[in-house]
Each structure stands twice: as C-alpha cells, then as structure tokens.
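K.L.:
According to Swiss-Prot:
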- GLY29, GLU30, THR31, GLY32, ALA33, GLY34, LYS35, SER36: ATP binding site (BINDING)
Amino acid sequence: MFHSLSVKNFILIDELEIEFTNGLCVITGETGAGKSILLDAILFCLGYKTSSAGIIKHGKDYAAVNIVFSLNDEIKNFLTQNFIELEESLLIKCVQKAEGRKNFFINNQVVNKAIMQQLATYLFELHGQNNNISLLEINTQRDILDSFGDLLELRMQLAKCYQAWQNIRNEIAEIALKQNSIEQEIDYLNFVTEELIKLNVQTGEEEQLTNIRKDLQNKDKDLQLIKDIFEQVNNPEINSSISKAEKLLAKQSQNEEFANISTNLEEAYNNLEEARQNLSNLLENFNKLDYNLEEIEERLFAIKAISRKYNVSADALKTFLEESLNRLNSLKGKIANQAELQVQEAKLSTEYYKLGKDLSGKRLAAAKRLEEVLHHELKQLKMEKATFHVNIAERKEAAAYGIDDIVFKASTNPGMSPEAINKIASGGELSRFMLALKTSLFNKMVKPAIIFDEIDVGIGGEVADKVGERLKKLSSATQVIVITHQPQVAGKADLHIKIEKTQLEKETKVTVKALNLAERQQELARMISGKAITEASLKAAKELLCHPVA
C-alpha cells in the first residue's frame, strides 16, 4: 500500500507530504482545484506520462516526488532480481531538473525509467477517464476470467506443458534445418578427434620434451669430449712406451731408486687402465639413453604443428579433445534421438490439447458465472441497460495460455450488439465496468492498491451511493484511492484528503490537507450544496458520515 507521498516544486505545489492509510482514501476539491495533480505526481514518479505539460513550478529549478510503499514478496523478488538493496519499506523518488533531465531512484539507487515502470506494475492499478488501459488489454481480460474461475494454477500447468512441447518442437526443427551442417560437423569432429587421439598430447608434455631436448643437446657436447679423451688415452703407443720402460728398469731391479720408478710406472699403467674403463663405461651409458634427440625433435614439431592447426596451446589440446568429443557425442545423439524426440513431441502435444480443452471448458463455465455476477453488479451501479459478455473463441495456434482467445464485449444501450468493451464504453463507464469486475474479484485481489480517477463522473444520488458501497467493499481487500465529486462516495472514506487552489497576487498555489471529522462534514456539505453551505447540507453531510455504508 501507499504509505506516503511527498511533493516539492511540482506544477502548482510548493511542498506537501501526505500520509495514506489502508482502506478507502478519497480526494476531493472544487472543480479546477487540481485534484489530478496528486495523480500526476504519482505517474511522474513512476515514469509515466502525466496530464500536465509543465512539471516544474514556475520560478523553481527542479521538481521532486517521493513515494513510500509497503513491501510484499513480489516486490522483494523484483528488487532482488534487479540488484536493488532491500529496505524496511520501498522508497521511490523522481527528480526533474529545469534543463529537462529526469532521474529515478529506488531505495536511493539510480535506476532507468524502464525499471521504474516495471516496478509500478507490482504496486497498483489505475482506472479513470483516460487510464483504463489495463481493462482494454486482452491479456488483462484473460487474467480476470482465469482469476475469477480459480484457473490460474491449471493455466500454469498448461504453460509448463506448452513450454516443454515447444522446446522439443524447436529441437526437432533445428535438427531438420541443420541436418546437412550437423553431418558435416560430425565428419569434421571425427577427423579432429582421431588426429588428437592418435597424437595423444599430454598436458605439460611440450615443456617436458623441451627440457629433455636441452639436456640431450648438452650431453652431445659431453659425449664428443669423452670420445676425444678416450681416443687419446687409448693410444697403443702409450702402453708400448710404458712396457719398454719397465723392461729397461727390470735390468736394474737391485737399485732401490729404479725399483721405485718401476712401481710408479706400474701404478700409472693401472690408473690409465682404470681411466680407459671409466671412459668406456660413460660411452656405453650414453648409448643406452632412453631418449633420442631426433625423435624428440620430431615429437615437438608434431605438437607445435597441431597446436597451430587448431589455434590451441599444447597444454590445452587435451581439453580441446574432450570438448570436441562431447560436442561429437551431442551431435550424434541428436541424430540418433530424432525419432525419440518425435515420440516425445507427439506425447506432449496430446497432453497440451487435453489440458487446453479442460481449461477451455472451465473457462466457459467461469465466463457464464462472471457474466451473471457482473450483470448483478452493473444493476447495483444503475447500469441496468448494459450487457456484458465474455467471448471465447478457439485459437488457430496453440499458446502458453491455452487454446482460447478471450474478449470482453459489452453494450451500454438496448438494441446494440455487444462489441469489444473499449469500442462502446466511455471513460466513466469503463471505470464502472472495472469497479464491477474488481468487486466480483475482490477476494482475489493481487495488487496492493487501486486508484480510480473520477469513476463517478455523470452519476449521482443512489448510483453514487452504490459506487461508494462497492469501493468500500473493495477497500477491505486492497487499498483504494479515489478522486471523486460525489459526497456519497466521500462519506465512506477511511481517509479524506482535500485539495484547494488559492489565487494569490503573483501566483496560484495548491494545498493538500487530510481532513478531521468536522472538516469532512464541511467538505461534504460543500459537495452537496456548493459554496453556499446550508443547514440542510450540513445535516445531510452528518448523515453520510454517520451511515457511511448503506
């Protein structure tokens, strides 16, 4: 519900703040007093077109409107989905600068006009001389009938079935449309996956092989060095020279010094043999290496080539293979499951039309009940000559909401054939049609507030009293705000707001005030007799306040 409305520098208003209550709130004032300004302020704040062109009060550089609204689960979900922080209440604000720029805020966060207008659909309905757009929309008429007939749950079940059916149909159509391209992609993916599986590149393999290649290149240098050394120490002349020297020394074996030299030569020979053996072992170990530089080079070349071919890094080739296999299996599955999808499509189609016919039959029954209830309500509103008919025709194509096209038709004069309600009813009549519908549905109200703008134009007396009764009844289910000229309606209010226009020397001002009981009696008396308030009008006003509901 609306908690409060704050307005500053708006049209003829300097500054005001109104606190609303639950129930029935009426707004009254003399003709031309500016009762529509409050409605314009609400529309302005929520991003809708207003009836007034000049929004900013003359001499001011900006206009601002603030609305505080209570929260419900739907509003909370909307705010959460749009990343708007939740507060204890819903705070809505719009500021327009003199240069024309307009800024919208929800809970002090800047939002665009589209978000603000979407939010408005969760807050209230507006019905008046030029604002019965919702009643004229086919979607709204369908919602009214289904809500009245308690058919929303069945319709939701139908919508889920329809969505599943359409998903299957779209999948079948996609396969049929892309049969050739799917088969071509399967051929391509078969080639890709076979090539990748054959090469079997592992994550980190390129780096590992690069390091091994570097080691092998260094070992090649070591191998050449060992071969050169081995060639030198394995020279037969070295052994021959040592042998000759030892034979010469043997002739002088009695000489201790020569004996020591002979020992040294023997040790040199042994050390040389050991060096030869060590070098031979090194050469043998090199020949036993697991890695071959030429093979490593070939493997690295193959990895780099396939990486370039598919524009994928070497480490990502394994993931690329997995993705390609998944895509390949998915496409093969689509082809293989085409027959199965067609079976599912037929099953869902049968289920949809079964639910659709069930919903259609229940809509026909609900339509008859709604027509009866509405005719009763229209009689209460002194529209005895009006007729109302819910036209239900079978659709040519299935839809999420069913197999029916639903149009509200009416006639307001005898002898007239019923036509679409927007073609035959005036603004006031549309408002009373909507009031009759809302009264019929008052236990199923979903919007926190309803605003009626001059719903009682062109009526009076008993009709106005009946309109007031219906508004009062409706206000027991949701907050109702009414701009009215009728004392019979105003007398039933839980909150009575009066708007006055004052002509000063240099400007015109509009003031807004919530009336107490005595002030309400004076205002009702004025509404009854005009500016010249009489004892009779005061008495009648008191009677209306004492007996607000007949």
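Every residue gets a Cβ built from N, Cα and C, even glycine.
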K.L.:
Name the residues of the same chain, 6+ apart in sequence, whose Cβ is under 8 Å from the Cβ of SER36 (ATP binding site)?
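P.N.:
SER36 (ATP binding site) has long-range Cβ partners SER51, SER52, ASP453, ILE483.
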K.L.:
According to DSSP, which of helix, strand or coil covers SER36 (ATP binding site)?
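P.N.:
Where SER36 (ATP binding site) sits, the three-state DSSP reduction gives helix.
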K.L.:
May I ask which residues of the same chain, at least 6 positions away in sequence, place their Cβ under 8 angstroms from the Cβ of THR31 (ATP binding site)?
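P.N.:
Listed in sequence order, they are HIS485.
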K.L.:
Take the Cβ of GLU30 (ATP binding site) and count every other Cβ within 10 Å, whichever protein chain it belongs to.
P.N.:
16
K.L.:
Only counting partners 6 or more residues apart, tell me which same-chain residues put their Cβ under 8 Å from the Cβ of GLY29 (ATP binding site).
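P.N.:
Sequence-distant Cβ neighbours: LYS35, LYS498, ILE499, GLU500, LYS501.
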